[in-house]
Amino acid sequence: SQNRNRTREIIDNGRLVKRLFWVGASGFFARSYTFFSGNVIKLALHYTYPHGGRLNSNPGLVLDQIGHVAALVSMIVVGHLADLYGRKRLYGYELLLLVVATLGIVQASEGYRSRLPDGTVRVTMNIYAWLGFWRFCLGLAIGAEQPLVAIITAEWVRTRSRGRMMAAVFSVQPIARLVAYGVALVALQKVSSANGLSHNSIGGDDEELGKRVADEVWRWVTGIGIIPALVAIGFRFSIPETPLYYAHILLDAVKGTKETVWLYGTGTIHNHGTRSPIQSTLESPQTIPLDESRHDSDGEELGFRRRDWYSGAVRCLRTTPAGLNLVLMSSLWMLSDVSWYLLAMDSLAPASTLRSGATTTSNQLELYRELEGSAKHFMLVVSIGSLLGSALLLAGINRVHRRVLLMATCGGLAVLFAVAGAVVLGRDQDAVVTGTAANTAIDVLSGMMHFLFTLGPRTLLPIMAVELFPTVYRGTFYSLACAAGRLGAIVVRPVISGTSAMDDAMGIHLLVAMAFMLLCVVISYFVPEVQRMSVGADDDTETGSDGEGGSIGGGDDGGGGVVEKGRGMRAATRRARGLVAKLLPKLDNMTLEEIAPNPHESQRPRA
């Protein structure tokens, strides 16, 4: 309708609202920090509170599975509620739950410990039971954050900035991971020093002191996650409901347009000096020319009927490309996540896992060395690849079709997995030199894997999935695709645990992941495009001639050489940009309505 078009026009012609980035990125940072800090918990818990038959023989695996199941349930439920009751309704409350759950985990305790005459230690509370409960609550918060941040960011940001804005929001994940392990390293060193312990003295006869240090470390690392969550909550409640929800689900485009004008009302319109109707609207919101009627051409009042949503969703899956897109994105997400978790890429030190498989820490000296060495190794090797992947994606997301980039990165990962599998299976564990060379190669391959995962499926899939579904069903369909990846993680975790004792288990895992990535390349080929060639000038590139600043020769005056050098550098920069523009011409994002139009629009009678 005219009002819906007006809403889209105001958004796309408005300024870039930086608040949208901070709203999404702050919460996603808090969510990612909390998720990755769990790796520190598992290492310290195993030493401080030996399972002793409590919560299975592998309490870390059980806690992970509890969190994944909770996240899967939360994704589906919250995504669906976002379609029925609004994206804004739950936005921010999931972070409140994250804060409460984090406080619960930090305060989990065994209660009163007593030692019986026979040496048996008896406690009044089961810490693993409490951790399981709070881990479930934390999983609910983590799962709810994924669909909400993706949908709200995509629906609020202007079309030409959508890809880069979403890439920027999701790029905070490797940053949060780096911060989590940096905090773990600092906490380990500070707490150990405060208790008179060092790298060389830990692991002595005072076992109780070592356990106390480990217990303090994981509680500090976990508790600090509350700080970014509280900051994010302040941003969350400062943004209104998305205009697309009003326009396409509640069918109240008037309300959606007014909310859009409120957020973009101070924007500057780039219209080459001419005064457009939209600019007049922004400068004077009270004069906005809206059709206040909420009736269709036959005079029947339009409104959102939740009882019709389910039949409409089934019809949409059967009669529109949304059904195929849901299958494609769910398959890609599941295969990608299975490969990610199969190779323990989410662990504290995936490269060490590739080297020798999972290790069991039972000594405080080993715990200190493993935490310290893993954190340093991650910050030097893995984080470099992840951050470079994010930076390259931000620079090139408007230069390469997302589908092509996804195919290329999945293909590259398949090659890396094949090479790493050959190295792992072919190395000689008895030869020190060969083993050292193999481990060095694995370090390099691990960094490259994280680079391609971040440049490709780990970031592209959350972006593409939110673009491919119509607004009316975006929350539900996106959550189903995302939950497929979480289901893959749930299924593959027991497989990793059950095969960890096998010889060459990691090499076999790598070859299986290679096959999955090759399958992702094939599936990605059928994903529709969400971008098209730019029809206007490339506003990111200056390709003009040297003109008045193009003379390369030096001047006679004393400062002429510096001036000409500066002009030469600017000319070289323009030529480099021109070359990039020729090799990788700029792409325009299609609007969300063009990619996946409202499936019910064509069913309404036309005037």
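Glycine residues also receive a Cβ, built from the backbone N, Cα and C atoms like all the rest.
Note that the coordinates shown come from a computational prediction; the quantities given were computed from them, not determined experimentally.
According to TrEMBL, the features are:
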{"type": "TRANSMEM", "residues": "20-45", "note": "transmembrane segment"}
{"type": "DOMAIN", "residues": "20-531", "note": "domain 'Major facilitator superfamily (MFS) profile'"}
{"type": "TRANSMEM", "residues": "65-83", "note": "transmembrane segment"}
{"type": "TRANSMEM", "residues": "90-108", "note": "transmembrane segment"}
{"type": "TRANSMEM", "residues": "128-154", "note": "transmembrane segment"}
{"type": "TRANSMEM", "residues": "166-188", "note": "transmembrane segment"}
{"type": "TRANSMEM", "residues": "217-239", "note": "transmembrane segment"}
{"type": "COMPBIAS", "residues": "274-287", "note": "compositional bias 'Polar residues'"}
{"type": "TRANSMEM", "residues": "324-343", "note": "transmembrane segment"}
{"type": "TRANSMEM", "residues": "377-397", "note": "transmembrane segment"}
{"type": "TRANSMEM", "residues": "404-425", "note": "transmembrane segment"}
{"type": "TRANSMEM", "residues": "437-456", "note": "transmembrane segment"}
{"type": "TRANSMEM", "residues": "477-496", "note": "transmembrane segment"}
{"type": "TRANSMEM", "residues": "508-527", "note": "transmembrane segment"}
{"type": "COMPBIAS", "residues": "546-563", "note": "compositional bias 'Gly residues'"}
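Outside the transmembrane segment (20-45) by six or more residues, the chain places 59-60, 63-64, 67, 95, 98, 102, 105, 131, 138, 141-142, 145-146, 149, 152-153, 156-157, 165, 168-170, 172-173, 175-177, 179-181, 183-184, 214-215, 217-218, 221-222, 225, 228-229, 231-232, 235-236, 238-239, 346-348, 361, 367, 370-371 with a CB less than 8 A from a CB of the stretch. The stretch in closest packing with the transmembrane segment (508-527), judged by the count of Cβ pairs under 8 Å and taken from 128-154, 404-425, 477-496, is 404-425. Listed by sequence, the residues of this chain that lie at least six past the ends of the transmembrane segment (437-456) yet keep a Cβ under 8 A from its Cβ atoms are 171, 174, 340, 343, 345, 350-351, 354-355, 377, 381-390, 392-393, 405-406, 408-410, 412-413, 416-417, 419-420, 423-424, 426-427. Remote same-chain residues near the transmembrane segment (217-239) are listed as 19-20, 22-23, 26-27, 29-30, 33-34, 37, 40-41, 43-45, 48, 88, 91-92, 95-96, 98-99, 102-103, 105-106, 152, 156, 176, 180, 183-184, 187-188, 191, 263, 371 (criterion: CB distance under 8 Å, separation of at least six residues from the stretch ends). Panel annotation: around the transmembrane segment (128-154), residues 20, 23-24, 27-28, 31, 34-35, 45, 49, 51, 54-55, 59, 62-63, 66-75, 78-79, 82, 87-88, 90-91, 94-95, 97-98, 100-102, 104-105, 108-109, 162, 165-166, 169, 239, 242, 462-463, 465-467, 474-475, 478-479, 482, 486, 592 of the same chain, lying at least six beyond its termini, place a Cβ under 8 Å from a Cβ of the stretch. When pLDDT is averaged over the domain 'Major facilitator superfamily (MFS) profile' (20-531), the result is 81.
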